[in-house]
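Visitor: The domain 'NADH:quinone oxidoreductase/Mrp antiporter transmembrane' annotation in TrEMBL covers 23-288. Among the features that TrEMBL reports, domain 'NADH dehydrogenase subunit 2 C-terminal' is placed at 290-344. Residues or ranges marked as transmembrane segment in TrEMBL: 57-80, 92-113, 152-171, 178-196, 202-219, 240-257, 277-294, 324-347.
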Amino acid sequence: MNPYVLMILLSSLGLGTTLTFASSHWLLAWMGLEINTLAIVPLMAQHHHPRAVEATTKYFLTQATAAAMILFASTTNAWITGEWDMNNMSNPIASTMVITALALKIGLAPMHFWMPEVLQGLDLLTGLILSTWQKLAPLALIIQVSQAIDPLLLTSLGVMSTLAGGWGGLNQTQLRKILAYSSIAHMGWMIIVLQYAPQLTLLALGTYIFMTSAAFLTLKTSSATKINTLAMAWSNNPTLTATTALVLLSLGGLPPLTGFMPKWLILQELTKQNLPATATIMALAALLSLYFYLRLSYAMTLTISPNTTNSTTPWRVKTTQTSLPLTISTTIALGLLPVTPAILMLAN
């Protein structure tokens, strides 16, 4: 892609998200979401592969539906209350429609079916943008309107997302689909605690972005898109293989890695709010996700590729890709747990 065109598209992505962040008016927020969608569509379709075009079409239709629902809900709210302000979502029908549309935008269950299909058709870097940056604007809107939403609805969305994300990823062999289900499960963790401690939602979002970036950049470096490709990765880059296994376990939420921190604090907050049953379901749902991360770690580090393979084993060739973003995201994805008290102090 032409670097100037790429620069314009990435700038538009940033502009759309910033516009949504800065707005307290529904029309401005909707405009930001639309700019965001239109800026990523050319990035998704840039390879002209039928699979990429299909994924782009699915994504566009989903996002357009969600944007239309947001516009309809905010217009309904303005018609009833007489103002477009986000903080005045006093109409229950409008607020339920808004949360449904935003859940569709970020892929919360039961509106998550587009997410694995779309991610599977994209290259890894565009998939990384879709899994991280594209979640920011809708999540900012969800945080702003969360106090007007029925708590039972938010809890249901959170529990269903963690269960759907865990179950959906169990039988997958495609790495991008596994990361899509991982994204759905993590979104569930963020939504479940939103009404009690929004700062924990932001903490979970921050750790999720770094862990997912580390995972995607690792797969990009080793050019892996299927599980059986991972068995060949050890000969190519042994150090990267070791850190990747740890990043995947961090995504699963195992101590003493960064991924344990948000899960631990969210379960603690749910228990404080006298919701032991919800906390138990969430903890059990996390085990489902952990299983498929363990499966990936096992394939990478404890198996070797079959000796009957016809292809030559990839050896340690120098990569031309920049490794700084991967290094930073991997370090953060593995080592933040000891600074939990400092992060908590800043959050409170």
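Heads up, the Cβ atoms here are built off N, Cα and C, so glycines get one too.
Those TrEMBL annotations? Automatic predictions, nothing curated.
How about a rundown of where these features are and what they're close to?
Guide: If you look at the transmembrane segment (92-113), the same-chain residues 6 or more away from its ends with a CB under 8 A from one of its CBs are 33, 62-63, 65-67, 69-70, 72-74, 76-77, 80, 134-135, 138-139, 141-142, 145, 148-150, 153-154, 157, 160-161, 163-165, 168, 180, 183-184, 187-188, 191.
Listed as Cβ neighbours of the transmembrane segment (202-219) (distance under 8 Å, sequence separation of 6 or more from its ends, same chain) are residues 124-125, 127-128, 131-132, 135-136, 139, 143, 175, 179, 182-183, 186, 189-190, 193, 225, 240, 243-244, 247-248, 250-251, 258-259, 261-262, 265-266, 325-326, 329-330, 332-333, 336, 343, 347.
Residues 155, 158-159, 162-163, 165-167, 169-170, 172, 178, 181-182, 185, 188-189, 192, 248-249, 251-254, 263, 266-267, 270-271 of the same chain lie 6+ residues outside the transmembrane segment (277-294) yet bring a C-beta within less than 8 angstroms of a C-beta in it.
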Visitor: Could you tell me the mean pLDDT over the domain 'NADH dehydrogenase subunit 2 C-terminal' (290-344), as a whole number?
Guide: 82
